[in-house]
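Marked as domain 'CTLH' by TrEMBL: 38-96. Here TrEMBL flags 439-482, 584-615, 871-912 as repeat 'WD'. What TrEMBL records for 1058-1086 is region 'Disordered'. Positions annotated as compositional bias 'Polar residues' by TrEMBL: 1064-1086.
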Amino acid sequence: MASKRESLNKELIFLILQYLDDEKFKDTVHKLERESRVFFNMKHFEDMVFDGKWDEVERYISAFTKMEDNRNSMKIFFEIRKQKYLEALDKQDRAKAVDILVKELRVFSQCSEELFNEITRLLTLDNFRENEQLSNYIDAKTARTVMMNELKRLIETNPVFHEKLQFPSIKGRLQTLLEQSLNFQHSLCQNPMQNPDPDTRTLFVDHKCRRSNNSFPPANVSNQPMGPALRAEGFLPIGANGPLQPAPAPVQNPFTTWMPNPSPLTHPTASGGTIGLSVHTNPAAILNGPQDSGARPIGISDRMILPGTNPGPSYSPAFNMIDELPKTVARTLNQGSTPISMNFHPIQQTLLLVGTQAGEIGLWEVGSGEKLVGRNFDIWDIEAISMILKAALTKDPHVSVNRIIWSPDGFLFGVAYSKHMVQLYAYHGGNDIRPHLEIDSHVGSVNDLAFAKPMKKLSIITCGDDKTIKVWDAASGTKQYTFEGHEAPVYSVCPHNKDNVHFLFSTSLDGKIKAWLYDTMGSRVDYVAPGRRCTTMAYSADGKRLFSCGTSEAGESHIVEWNEMEGVVKRTYQGFFKRSLGVVQFDMTKNQFLAAGDDHSIKFWDVDNVNLLTSINAGGDLPASPRLCFNKDGTLLAVAACYNRIKILATVDGLRLLDTTKSHSLIPSRISSENVAKNGDTRNLENVTPRLIEEVNSMKIWKLTEINEPAQFRSLRLPVRVKTDKILRLIYTNSGNAVLGLASNALHLLWKWPRSELNLSGKATTKDHPQLCQPASGILMTNDLTDARPKEAVPCFALSKNDSYLLSASGGKISLFNMMTFKTMATIMCPPPAATYLAFVPEDNNIIAIGMDDSTIQISNVRTDKVMRKLEGHSKRVTSLAFSNVLNLLVSSGADAQIIVWNYDKWEKEKSTFLQIPAGKTPAVLSDTQVQFHQDQIHFLAVHETQLAIYETTKLECVNQWVVRESSAPISHASFSCDSQLVYAGFLDGCVCIFGASTLQLQCCIKPTAYLPSDFSSTVYPYVIAAHPQEHNQFALGLTDGGVYVFEPLDSEGKWGIPPPVANGSSRSFPTVPQVVASSSHQPQG
């Protein structure tokens, strides 16, 4: 009763707030908001922030949260007070700034003394914009806008504000309640019909009709007490659709500290597998979950809804909403056996993985309708599997796929089978898939598989019929955790994280949902899902809303949205009118639409409305509960159809995507969909001879792509207004909107692309010209050449992660530049020795590794200008440095062709080797060697004038090598593309060659005649190459004549040539693993 009264009191306050707002009592409205704390008025808060009314801002926010409530709350107060402080500094009001610092900001020193000291140091600067983090500060108005966006995020993800940010739609509701009350009172009058329009003079006492002078008592009046008034027809009892039952009082447990924050890694939703359940800050809500009376979960209506009736308010969606759904059948793929699980590639959105009932895995390019790969289940290492599995396969060799899914970066995909096994494949583009890991993971069926990064390294999570969940290292296959506690086979898993707290949810066939941290403390959640059977759960892509779909043993299906804070069902979607045949699967796209396969059709819902938005049958021939999955952008929807087919449905944008992909299909089809049998397993139906003939023919017709003329690709020479010499260093900014070069005369050149009609993104492109940047002050970024020896100097630079600061040297001191103002902030490390290479340590922008010309590597703190460690091992100057923040290793190379691996936790030497110089090759005495990490952070590229080589870091073994022919010019420089699928290499004869990174096979060659003038000198060649950080087909060249070019393939091609066919066993390649942690900066520094 107390909980119900509390809920009604809250609703009454909302009604009063609405009334006060309607009557324009603004001050009273906001005072009641503060005192009642039921509604946080974001618009009012935003207005105060933009007006700079800081005292009122703090007074308002303080009514809802205190600084010590949680981390988000502390950040909110810090951002507000920091802005006050900066505005005081900007107005040169030092006294006020000091007052704010001492009285309001000092409290944060308890959390971070270093941060407080840095804020204090701003008082010593003439302009606080000289600080790296504040260099982009423009003015108070702009800064308030930026801060308000951050405050909104902090408030929306702060559990304290949960359910306080939305005002219910109740305009006019108070008036309606008054009228209903008066009508009810009037119905209790002795003769209500005599006065159809009751005379109401006051609300303070109950209404009673005054007796009319002409009135007579009604006939047959009984003196018996009047019974209760009849309820108006069509109205339900007040509790039928009332507020959900609140959760019990909080119980302290580790979940209490979890703070909602959208996850950067959301478990994809797809047929045949799990999606996810989030954690909310109210631990009791998690521990107790949806309250269950034994009949149905709370929140599911008690009303009986008959087929054909409208289960809720009328819903007339806008035409363009339905038009955003993929409804047009654009492709039909013949898989050959029944599709069980499907998943689109996270980046290449027309690549579709399919797992089937016959145990086959298929990889389709849906744009062209080509089946790139088809493989049947096979044990890779028969000696390694358990005797239980051997016995099971002997008894029944049939194996089906339960789940197939890409890793988040698309470098790996995993397959969960119906018997024991999980297999992981490495994907190298096109039709190139290679076995990576095979794990005998569970006894019985492996029911689901997911990827996560709970320990900053990619892990695989599996569950199975043996009632366990297991976590495995994706690189080695080592088991990390086993979670036990379910009493039935585990049906699905869902990894998730919030505020860097990683956890996973699991559902079992008895309908139980459990949550686990990555420890040995057991499950933190144990409750029952709607349907009490097979359930999958999913977050919206932004991580803010949680949904689940389940089917009971009796065939009753449910799609619901959850109230995370209360642990109860918030919204139940209507539309399952019949008993489902099979388990209904669902998926979600654009944070807006839900889709589920039911009743031989695909049904769609708008997430904000419980009523069915629309349903389609996709031309018919759909099974009772078709499997389905969206691609990342929601422009394509794959639907499993009858007769072993898959229908690809598309939006208008999806049709364009398919047509574009079809026009430049990357790989010739190895397996034609027409040749696949329509029914049953195809493993015994393949004709070996045609496949061999096809492979031989493809080898014969393949030809190296040569670009000899400007019309064959897109190139752009960047404008230069100042005299420049040879470009010795070149890099894109991390944002991808600018190119930075360092010339031999120590001058830096920065080209930046503005936003325009031709370039809406503002990224570097060959379609629009950039501007050569120069501040109004006229300052040029030029390195200090004091004590430098120009002829021996080796220029180098490194750019900070946020593109704000540049460290650079040209044989003299190392200069620290502000990239906004071009001002020199400081100079350090006076030679000798001189710096020859610079690289930031991944975890700390203040720590740099400096390669020196005396063969040492110095680890230095830029802020204090102190050398922390000195590493010795090379015999000649250090020419390159590269960090792996996955392996915690530093790789260095020298002019002596030596490569050394260092552990940068302890700064100790681990391994070393020398490049394998080919026989007959005599490199220069001081020949530079460059190293650059692959995106997987495990392999690296070594570049020498004689070769390109790929090394595995931990063993320091060369796994692939391409050697320059005797008649060819030496290599000048090379770089991975941003996705590490290509290697761009420049040569001393002016050629630029493009190799496939996995095999180091040449696939495209750009001749100097294609980009240099007809009278070009033989001394002009690409001295340095830089790859765009986001566009994998774009790169830039720095030439020996001071020119800088940007290259891209033609739109009609979309790629740099076609990789040569790989005959079985004819070429070597390295077995890459996925990118387990994103590199702080994939680009090489220098």
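Glycine is no exception: its Cβ is also placed from the backbone N, Cα and C atoms.
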Please list, for the repeat 'WD' (439-482), how many residues fall into helix, strand and coil according to DSSP. 0 helix, 25 strand, 19 coil
Residue counts in helix (H, G, I), strand (E, B) and coil for the domain 'CTLH' (38-96), per DSSP? 42 helix, 0 strand, 17 coil
In DSSP terms, the repeat 'WD' (584-615) comprises 0 helix, 20 strand, 12 coil
Could you give the number of helix, strand and coil residues in the repeat 'WD' (871-912) as assigned by DSSP? 0 helix, 25 strand, 17 coil
